[in-house]
Amino acid sequence: MAETSNHQEDGGPKESGKLILKTPKGTRDYNPLEMAIRRTVFKTITDVFHMHGAVEIETPAFELKEILTGKYGEDSKLIYDLEDQGGEKLSLRYDLTVPFARYIAMNKITSIKRFHIARVYRRDNPAMTRGRYREFYQCDFDIAGDYDPMLPDAECVQLVHQVLSKLDLGDFTIKVNHRKILDGLFGACGVPAEKFRTTCSAVDKLDKTPWEDVRKEMVDDKGLDPNVADLIGEYVKLSGGEDLIEKLQADERLKDSEDVQAGLKDMCLLFEYCTLLNCQENLRFEMGLARGLDYYTGVIYEATLQTGQSGEEGSVGSVAGGGRYDNLVGMFDPKKKTIPCVGLSFGIERLFAIHERKNKEVKIRATNTEVYVAAATKGMIQERLKLLAELHGEDIKAESSYKTNPKFLNQLQYAEENGIPWVIVIGESEVNDGVVKLRETATRKEETIKRDQLIQAIKTR
């Protein structure tokens, strides 16, 4: 006798012969009210993107596997590989940056300021309460092209500052560091060049892991000399502003490092430009910020929110991150031609999770309907449909009951429950007199309006 299985042949989970209805691990559904909240967050972000003159692009949800391979360091193990389809090895995109670099190289673009809002996929351990999923949206903004130092980089800081200020989700910090400073620091402290990337990925965990655990990983897993790890520890705990830049410029161990001094020069310029752009208030130079992705070459960013809540629910981690990646496009170009790039990505799911908690008491409606067409008497289906056609023809969002003879009170109740601000009431007497009644849902006040003046009356309201 064959063993009974908890899975159907098509992969659907079964329990005692019944199909279990659930979303896959690390994913979720969004109901109409949740989608309404998401729309407001998306609109805030896209409005800022447009304010900066960005254009929008779209790329496929999956790429050739070789496009994504070797671009994410240790995070490459989180890429979803797909089964061979038609002789192509494919993977779901892990982020929107590598596809963007492929797009630039493929289309021979030399300069573009673009944004891209789309889903990405990571085979990660999800933490749903903190907005960490396996399928989630990213909102990316990138500037590609050969420009003078730190001007595009400062614009990225300004853009993060504007978005988080407009969303009004609490105090935030925009942390910045520089890959050259980190590489120079590792060299000055005695890290072999071949271990720079793995050491960087260990430092990248400092925002979630105590230094003792990071040090243990460096020594036990990465094979660093304990004294070297201790030296690194002295620096990666430092944070500050322009005062820290000056301190590091004068540091005896670092003053002869070309990489460190070049990175600090960039940081001076970044702070100067951010002050002029009025976005320096939340800016912080964090030596412990590493961002483990392999493709970063210059300034790196990470924005975090202080939600003012205690416990797990309040700590949502990073809500935006990015940096400069000058060599990524060259990896795809046949002639290895590089196009300098800098950009950032907003973690929309985390922003949404905080927005949702903050606005629990705010009345948000799922529908955008402006007018509900109601019948006061029977036999009004033809008149209601004529009215709907007229309203839609003027781009007024309107709906009506799907019953030919609905109860009047049920129609008014629907408008109230769904927050529809206006109700047009029509019955036999209104048709005979060539008028309609316009009812304000909130106050329940009604006024009689001539039929040919209805559209103008609604638009003025």
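Every residue gets a Cβ built from N, Cα and C, even glycine.
Taking the Cβ of Thr97 (L-histidine binding site) as reference, residues of its chain lying under 8 Å away and at least six apart in sequence are, in sequence order, Asp140, Asp142, Tyr295, Gly322, Tyr325, Leu328, Gly343, Ser345. Taken from TrEMBL, the feature L-histidine binding site covers Asp95, Leu96, Thr97, Arg122, Gln138, Asp142, Arg291, Tyr295, Tyr296.
Marked as compositional bias 'Basic and acidic residues' by TrEMBL: 1-17.
The domain 'Aminoacyl-transfer RNA synthetases class-II family profile' feature in TrEMBL is assigned to 26-354.
Per TrEMBL, region 'Disordered' is recorded for 1-24.
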If you average per-residue pLDDT over the domain 'Aminoacyl-transfer RNA synthetases class-II family profile' (26-354), what number do you get? 89
For the binding-site residues Asp95, Arg291, Tyr296, which one has its C-beta crowded by the most other C-beta atoms within 10 angstroms? Tyr296
Other than its own, how many Cβ atoms are within 10 Å of the Cβ belonging to Gln138 (L-histidine binding site)? 19
